[in-house]
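To start, the structure itself, in structure tokens.
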């Protein structure tokens, strides 16, 4: 039995999956935002409850909006303040008497897609989230790859490439990132970036959904903006694809519902790739909001 926990800023979602990777139990509880001991107790209590229900000790995986320090194991997270700087994996292991896997929630999203029936035989899957922020996860042979310092999936904190700057023009905004650097692609490729760039070029604040609607209606500014953004996506994605050469790319987050992306990227990518580079299959993520808990559970599949 595989147990997955999607630990968010307001709620913890639990899911239990059997050996066929079918979800057989679900539960949601509020996240303890201030009391760390209660946070650990809440997770441990759910584990004990479902161990008793299923008569086995489930394998436990946690997905978090952050990462473990690769040297100390301390948790780096801002969305779950009670756990910031704490040793959640080690403390939970001591509490329940078994090993626990923990990973970034974007890696869990990618892992969930990689273990979909349609993709599970793909040697590599890249998950990219076009949501409030831009992030991603890398899956090789069914396992999440976190790298030496646990930052391998932090694709949003790579910098905007030089040809993207040329594309955006000499008055392109140099945006500061929450990580402390400037020019991180998180601020440009996310849904938030989609809106910020529109406001920068046209002096008008609009929600992404309204820009997309205006584009469909033929509004000149929206049409120009979407064309610029699609080319920006192609330039930045081509950089990532040249580095990692994934077989399949699954897109999630609110902006991934913009169907034009799946028409435009295959046409725009080739000129930005190496001459021998191939455009990977680009699909919309299938598991939506349940992806985090699925992926967390599946951290234990290939021990």
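Positions of Cβ are set from backbone N, Cα and C atoms, glycine also.
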Original post:
Where Swiss-Prot shows 177, 179, 184 binding Zn(2+), which of 157, 167, 200 is named for the same site?
Top reply: 157
**OP:** Provide, as an integer number of angstrom, the distance between the C-alpha atoms of residue 135 (ATP binding site) and residue 157 (Zn(2+) binding site).
**Re:** 8
**OP:** Can you grab the distance from residue 179 (Zn(2+) binding site) over to residue 6 (ATP binding site)? Cα atoms, rounded to a whole Å.
**Re:** 23
Subject >> Rounded Cα separation (Å) that holds between residue 157 (Zn(2+) binding site) and residue 10 (ATP binding site) >> reply: 25
Original post:
Other residues with Cβ within 8 Å of the Cβ centroid of 157, 177, 179, 184 at the Zn(2+) site?
Top reply: 156, 178, 180, 181, 186, 187
**OP:** Look at the binding-site residues 4, 133 and tell me which residue has the greatest number of other C-beta atoms within 10 angstroms of its C-beta.
**Re:** 4
